[in-house]
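Before any comments, here is the structure.
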2 protein chains.
Amino acid sequence: MSIDKVKREFVEYVKKISAYSEALGLVYWDMRTGAPKKGIEQRAEVIGILSSEVFSMTTSEEMASYIARLSNQEAIRKLDEVTNKLVQECKKEYERNKKIPADEYKQYVVLQSKSQSVWEEAKEKSDFSLFQPYLEQIVAYIKKFVSYWGYENNKYDTLLDMYEPGMTIEILDDVFGKLRERIVPLVKDIADNPNKPETSFLFKRFPKEKQKEFSIEILKELGYDFDAGRLDETVHPFAIGLNPGDVRITTKYDENDFRTAVFGTIHECGHAVYEQNIDSKLTGTPLADGTSMGIHESQSLFFENFIGRNFSFWQKEYDLLKKYTGDQFANVSVEDFYRAINESKPSLIRIEADELTYPLHIMIRYEIEKALINDELEVSDLPAVWNKKYEEYLGVRPENDAEGVLQDVHWSDGSFGYFPSYALGYMYAAQFKAAMLKDIPEFDRLLKAGSIAPIKKWLTEKIHKYGKTKKPLEILMDTTGEGLNANYLIEYLEEKYRSVYKLQNES
Amino acid sequence: MSIDKVKREFVEYVKKISAYSEALGLVYWDMRTGAPKKGIEQRAEVIGILSSEVFSMTTSEEMASYIARLSNQEAIRKLDEVTNKLVQECKKEYERNKKIPADEYKQYVVLQSKSQSVWEEAKEKSDFSLFQPYLEQIVAYIKKFVSYWGYENNKYDTLLDMYEPGMTIEILDDVFGKLRERIVPLVKDIADNPNKPETSFLFKRFPKEKQKEFSIEILKELGYDFDAGRLDETVHPFAIGLNPGDVRITTKYDENDFRTAVFGTIHECGHAVYEQNIDSKLTGTPLADGTSMGIHESQSLFFENFIGRNFSFWQKEYDLLKKYTGDQFANVSVEDFYRAINESKPSLIRIEADELTYPLHIMIRYEIEKALINDELEVSDLPAVWNKKYEEYLGVRPENDAEGVLQDVHWSDGSFGYFPSYALGYMYAAQFKAAMLKDIPEFDRLLKAGSIAPIKKWLTEKIHKYGKTKKPLEILMDTTGEGLNANYLIEYLEEKYRSVYKLQNES
């Protein structure tokens, strides 16, 4: 059979997998945005059937045969670049899935779902001991899977690579070390500093409907395309790309703290704008997705922090906000508003953390995961280690497991290696911002004028359009001319927070 | 292999088909309730892939083998009743689909979709000649399909059977003849009668949000279970059962005519309550569905007309309506309100027709379809025949094709044999109502007290719970003790409309 014919069949096969995945995506979106509860049990069957079909198609003999016929040297030479990337992507997934014995994987899936519900209960009762035996089993499985997958320098690298292809503890230890060294003292300086921003005016009642209208206006200004998406309400906000023409976001409204919805929406907008702008030639393939969790997060954080918490942005949007808030901010200057939304305060809960302290929350989790996977820590040690690290990095100590080691869902479903993406995204975003300033030195002037288009265009040309055809570190190198460099984030944070808190410069 | 083992495999196989169909159902619902337009093209791919998978699974060698092994006498004896029904259902679908050559079916599907868009254009331009060549092809295909499927007494019976298993023109000619004979003169009497109800008070502004709140209260009173469904807004209202725990309805709001939303919602509620109450042991199989279009329609019409346009119902609900409408009905007695919502007026458009004239719209279409399929009429004759029949049955004559022969979508996608279900549903509903009165003589008293539960329970026990395990005429016989009898509907209409219009009794 000619390479062309094999390619055509392979593409048809992959499109089928993508179609099933798209249907699954819609089922998930629907479950979170209002599917009636009595239909859930049968819907779970639908999810189970479609997911196993996807899994078996990605690991089938047929897939193996496509990969073999399309990944030899001759085929690679003859095929176009996108097809080559598609074959690589399928090959990677094939190998990852194929190495785990099917029955073990099945047991693991059952354990995951049990473990998640036990975690929920344990968190509610604030009792780690309930969760511990399940987490021990999860960790044991993850270690076993790593032994199937193999590793080069460190077992944890294999897990990192699942979420952030090419990422290693060597890189992370370096950048996290630098971050820690400069941020921990800055956090302390701020805590000791008397120039706290006034924030009480933030917490007046701002009706949900008005917040929604304001959020929609901001989304439009930021370039979110409502013809290729929609905004709904959920308990936990998220963005989901069903295909590049249908990337939905959700948000949550707190009538006494508009920041939840507004900054949450801007964050999800960043994720969504990424996927809305993936090259349409990748549609219907697994390449029509963000290239990694870290790059994805870089886009959401770029929007949330580098645009949404920027003074110039609010110079433009503050009047709009005032239009929707009645007299809430009538006597508040935009300078005071800006300081208020950039308040930094060491806290216990990651998802409520501010820009400055957020990376420290991630580092704590990274260090714990790395130690767990490398047998330097037992699951039973977690609560004590957790509390000690919070004290050390953030100067606060959880009073119970619920606000400590049990706060995140991630470990209950075995997502080890995922947490670093959050901090990576942050560092990437700062590094992209620095590179962007060389091409668009008028960045702040654009925000002040409400002209987001050139900024969005830059991100699309450098990052979005490639989808998964470029690896994260390749994008970083092509866009910024260097590998991961923590200094951009450090400098950004130091400059911003010294200014917000009116600290004297160290130098 | 033991029968039990074959049965288990068969059930797994069928569950997979049902899971794909459920996913498809969700995709359809989503497309109508707000899927962003730029995602539609790729979503159409998803629909195409999932539908062909469903089609090929229902006509596969594997399906043929299950049917062969499970439908012989020995198997039938050994299997439980539900499995036997399931095998029969799959067999029927297998045979229907298998008899059409795959390539012809594909061409037909392409034609259907073209024909629908041409119909839309033709309707917009009110020009039947645009649509005529497509309709001719559609009719030719349908005739050819009938020749593949075969027929006993009349070709049209084969089409009827697809929507209403067991229905024949022999039965329909009889009941429609009786209906025509009694309703046409009644419609004329009413037209000539000076006692017209006053209706102007119906058309005051009733804000959408308030209509929605009122509709939700009514839905709850009628036994629609919001834990197994949800209400959304669409251009064309519909009910869709994804599974019995998730049966969604949609409605449309006209701020200057609340009847659109309120009676539309009550109608869809009837469809939905049917599917919400199908026995849960049928969930995940094709038997968890309404048994036919006619029985489905009987439930929606029972709710819409026999409950929703009943005087006793409004004796209870009128105060609630007043709560939501401000002073719109402040000076209108419930008697006058009841007369107003039961106004009857011959009109050109089926979907806007009232209870009394509606069956005449259906009869016209039935007669035309029957003649077309039996070569007694050419497609080119349709506009003239249509207009003539409207004049004869309803005393009104369309001025153009848009308000005449082009008004319905049904023929453009080849749904010949479907229209009679609407009138059948109506006759079934009247016949069920008469049977119900024997068990629940206090029917009107219950409505007046807002106690719908016993009525819903009766419908569930007699009709809903069976899903597709009972054929329509079987349900009719078991529930009412006789075959289809048009007199129940005729008597209901005569009594009601003589009273609404204060006509003297004929006798």
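From the backbone N, Cα and C atoms, a Cβ is placed for every residue, glycine too.
Any TrEMBL annotation is an automated prediction that lacks curation.
In the three-state DSSP classification, A:Glu268 (active site, proton donor/acceptor) falls within a helix. Marked as active site, proton donor/acceptor by TrEMBL: A:Glu268.
Non-local neighbourhood of A:Glu297 (Zn(2+) binding site): A:Ser421, A:Tyr422, A:Leu424, A:Gly425, A:Tyr426, A:Tyr428, A:Ala429, each in the same chain, at least six residues away, with C-beta under 8 Å from its C-beta. DSSP classifies A:Glu297 (Zn(2+) binding site) as helix under the three-state reduction. The feature Zn(2+) binding site is assigned by TrEMBL to A:His267, A:His271, A:Glu297.
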Other same-chain residues whose Cβ falls within 8 Å of the Cβ centroid of A:His267, A:His271, A:Glu297, the recorded Zn(2+) site, in sequence order: A:Ala239, A:Glu268, A:Gly270, A:His296, A:Gln299, A:Ser300, A:Leu301, A:Phe303, A:Glu304, A:Gly425
Going along the chain, which residues six or more apart from A:Glu268 (active site, proton donor/acceptor) have their CB under 8 A from its CB? A:Pro237, A:Phe238, A:Ala239, A:Ile249, A:Thr250, A:Thr251, A:Ser300
Can you give me the same-chain residues 6 or more apart in sequence from A:His271 (Zn(2+) binding site) with a CB-CB distance under 8 Å? A:Ala239, A:Ile249, A:Gly290, A:His296, A:Gln299, A:Ser300
